[in-house]
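To start, the structure under review is shown below, and the notes come after it.
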Amino acid sequence: MSRYVGAIDQGTTSSRFIVFDKGGNIVSVAQKEHRQIYPKPGWVEHDPMEILSNTNEVIGAALARANLTASDLAAVGITNQRETTLLWDRKTGQPLCNALVWMDTRTDQLVQQFTRDGGQDRFRAKTGLPLATYFAGLKLRWILDNVEGAKAKAEAGDALFGTVDSWLTWNLTGGVNGGHHVTDVTNASRTMLIDLATCAWDDDMLNAFGIPRACLPKIVPSSAVYGEIRTAPLQGTKLAGMLGDQQAALVGQTCFAPGEAKNTYGTGSFLLMNTGTEPVQSKAGLLTTLAYQLGDEKPRYALEGAIAITGALVQWLRDNLKLFDVAPQIEPLARSVEDNGDVYIVPAFSGLYAPYWKDDARGVIAGLTRYATRAHLARAALESTAYQVRDVVEAMQEDSGIRLAALKTDGGMVANELLMQFQADILNAPVVRPKMTETTALGAAYAAGLAVGYWANLEDLRANWGVDKTWEPSMPAETREKYYRSWKKAVQRSFAWVD
């Protein structure tokens with residue numbers, strides 16, 4: 001039997017291929033960044049051909065580093081940045097335009113139009129989602145309205161819509177020569193075009209948004225054999241797992257029981273709680289979404305708090321303000337001061353997501369005095385991540401009725417121990433970092449491995465999970481609530497900036 005499982009992890013800033021063994025340990029990894037394209041304020045694009053090229057490159061590099069071939073892999077899974085929207089020509093394989101990235105806000109006029117006609121939550125009961133620039137359905141509508149020839153091709157079935165999972169799968173399984181046009185339930189649930197209860201494309205939503213059914217992919221489980229990869233160097237390997245990145249991290253953290261939750265700290269931050277086989281409708285500004293579907297089992301659902309900007313704020317301080325040269329330098333800089341000097345940063349670069357859902361909010365730095373230094377800004381940036389996570393945790397506790405016993409964490413920012421301690425302090429709950437922090441890729445590997453019998457069951461996966469470090473809260477309650485009150489005040493200042 002093949003010794004390993006592979007995972008394609010196609011994220012907002014880079015593409016990676018990671019090879020895992022049966023214990024969930026990394027055998028080999030390769031990574032390559034792609035360009036972020038900003039044609040106008042609020043617009044964010046990726047080049048689909050660059051993403052495809054980089055994905056193929058990192059697959060080859062990771063295999064070469066460990067001296068592996070396709071025959072060493074039992075299966076491959078895909079995890080991807082969600083909501084990022086593509087439309088490509090079925091006959092040529094060429095994209096009709098650049099991909100509209102999840103944080104792109106060009107659909108704000110469409111959102112306002114639909115909100116005026118029936119309120120921000122008019123489709124929430126069916127889709128689990130509020131009207132927002134975040135979701136893929138209206139991004140597709142924008143492409144159909146604004147890219148020459150797109151609408152006619154989509155209606156004729158000559159243009160194919162997909163999120164990044166669909167784009168990669170179609171290309172890897174043959175492309176113009178019979179590639180499989182599929183998406184899994186988790187990615188489909190981020191389009192605003194499916195009925196959560198049935199996990200099927202919904203005619204009412206398609207009609208409301210003006211989306212032709214002919215361009216849509218087939219919806220499949222998150223763990224199932226979709227076909228064989230037909231491109232080198234993975235030719236002949238089964239493609240057998242597919243999950244949006246945050247759902248993949250939930251699986252990678254083995255949150256298989258209702259009430260289990262994880263928070264991923266990446267470009268944005270995403271807190272997901274497994275709610276079992278029934279969707280829980282949020283009254284506190286969270287999203288109701290698919291968690292995963294393993295083979296023929298019933299789909300599992302989750303509540304999600306999506307935060308647009310956390311790690312991206314650190315990048316902004318590095319790239320735009322030049323406060324430091326590389327991201328890890330933010331921690332010693334922030335540690336050089338005792339507190340934030342009463343400075344608060346609300347990073348509403350793309351509006352505010354959960355639990356506020358304010359597309360008209362924009363970034364604010366509040367509380368500045370002559371006392372404030374670059375170190376205070378660095379500290380305020382890290383703290384803003386923790387405050388945003390608390391906003392979401394409070395909403396999640398309100399919706400679920402379950403108090404968070406501990407927060408399982410993953411993602412790039414968990415290496416920042418100042419942030420992890422402050423997170424525990426501001427939540428007044430333990431924060432737990434697992435030994436394996438690459439849980440997004442691991443979740444995709446788990447989904448693929450389960451589909452082909454590489455792992456027998458969920459207990460095999462649970463046995464792989466272990467704690468690296470736990471941070472206990474140590475901040476006095478009075479201090480914690482004083483800080484949080486100031487944060488809430490700063491958040492209010494960010495609202496209603498865009499007319």
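Cβ coordinates are placed from backbone N, Cα and C, and glycine is handled just like the others.
As the structure is a computational prediction, the values presented were derived from the model and not from experiment.
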Listed in Swiss-Prot for the glycerol site shared with R82, E83, D245, Q246, one of Y4, Y134, Y301: Y134
Listed co-binder of ATP (same site as T12, T13, S14, T267, G311, Q315, source Swiss-Prot) among G174, G175, G412: G412
Cβ within 8 Å of the mean position of the Cβ atoms of R82, E83, Y134, D245, Q246: remaining residues of the chain near glycerol: Q81, T84, W102, R190, G244, F270, A306
Candidates R82, D245, Q246, T267 (binding-site residues) - the one closest to T13 (ATP binding site) by CA: T267
Set of same-chain residues at least 6 away whose C-beta sits under 8 angstroms from Q246 (glycerol binding site): R82, T264, F270, L272, E304, A306, T440
Nearest-integer angstrom distance between the alpha carbons (Cα) of T12 (ADP binding site) and D245 (sn-glycerol 3-phosphate binding site): 10
Nonlocal neighbours by CB distance (under 8 Å) for T267 (ADP binding site), same chain, sequence gap 6 or more: G11, T12, T13, M103, I309, T310, G311, A312, Q315
